[in-house]
């Protein structure tokens with residue numbers, strides 16, 4: 001039976017992410033001589049909490065005010081269509097290795113049976129509005145989850161607990177200075193150990209970020225299951241839809257290319273995998289395997305318009 005698996009990878013895919021990076025271009029920051037990369041550093045929580053919470057609080061406010069555009073709804077539509085089809089017929093042993101047998105209905109095996117997965121470096125948490133937590137791996141975390149900041153001066157380790165940022169918190173930002181008034185929220189942004197809370201987002205020069213190991217494990221197991229299924233089923237097809245992944249921080253971009261290359265080689269160079277790269281600035285690939293074997297479809301356009309056109313084609317075919 002022929003099956004198509006949609007694997008979405010996103011990085012700075014949708015317009016609000018552009019706004020987030022524009023935070024570092026505010027006039028107040030120019031006067032201070034700092035930019036996005038300077039501000040996205042846990043150093044400021046120790047040295048200037050009002051500046052730190054001003055930067056991150058403004059980002060949280062923007063993300064919460066924004067509504068996901070049609071691109072998210074299209075991905076949700078595709079995921080529901082894929083769920084309606086037959087899932088992967090594989091299972092894992094206790095070590096997580098794939099056996100290629102009939103699935104048991106355990107929670108971990110339900111993860112790897114998914115016909116799609118969202119692998120993203122977006123930190124806005126917008127995917128959680130439409131998808132189950134087990135559908136998503138946010139490789140850099142998100143601003144709706146916060147963590148202990150520890151104490152760098154005393155070498156105190158961070159507490160392992162993560163905290164959901166209360167929806168009732170609205171950051172009061174002075175737009176002239178971009179500083180946060182933290183008077184009324186200091187107690188609510190404090191860990192049980194009395195250290196300040198910070199976003200569970202991987203920042204520059206960040207040695208205290210707490211990664212989401214469970215989501216990472218789910219993704220690794222799912223990807224392994226896909227590879228085993230493709231090897232055992234030559235008529236099956238796998239598509240990576242990569243949206244907006246640039247070259248400044250190319251984590252997602254590189255991972256997409258590695259997965260495509262690995263699957264192509266492990267499937268005896270059968271053309272069972274395709275990378276669809278949607279990017280208005282960097283739609284091509286320098287990966288030799290991908291280039292030589294025509295495994296890339298480049299779409300030099302923005303995210304929403306491209307997804308709408310693809311969706312129209314899919315509907316026409318169906």
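Including glycine, each Cβ sits where the backbone N, Cα and C put it.
What TrEMBL says about this one:
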type: DOMAIN; residues: 1-318; note: domain 'Deacetylase sirtuin-type'
type: ACT_SITE; residues: 140; note: active site, proton acceptor
type: BINDING; residues: 148, 159, 191, 193; note: Zn(2+) binding site
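Locations of recorded TrEMBL features on the structure.
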residue : record                       : DSSP class
140     : active site, proton acceptor : coil
148     : Zn(2+) binding site          : strand
159     : Zn(2+) binding site          : coil
191     : Zn(2+) binding site          : coil
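Residue 148 (Zn(2+) binding site) sits 16 Å from residue 140 (active site, proton acceptor), taking the CA atoms of both as reference points. Apart from 148, 159, 191, 193, the Zn(2+) site neighbourhood in this chain, defined by C-beta within 8 angstroms of the site C-beta centre, holds 147, 149, 150, 158, 161, 192, 194, 195, 197. For the recorded positions 140, 148, 159, 191, 193, counting C-beta atoms within 10 A of each C-beta gives the highest total at 148. Note: the CA-CA distance between residue 193 (Zn(2+) binding site) and residue 140 (active site, proton acceptor) rounds to 24 Å. Taking only the Cα positions, the spacing between residue 140 (active site, proton acceptor) and residue 159 (Zn(2+) binding site) is 18 angstrom. Regional average pLDDT for the domain 'Deacetylase sirtuin-type' (1-318) in the model is 86.
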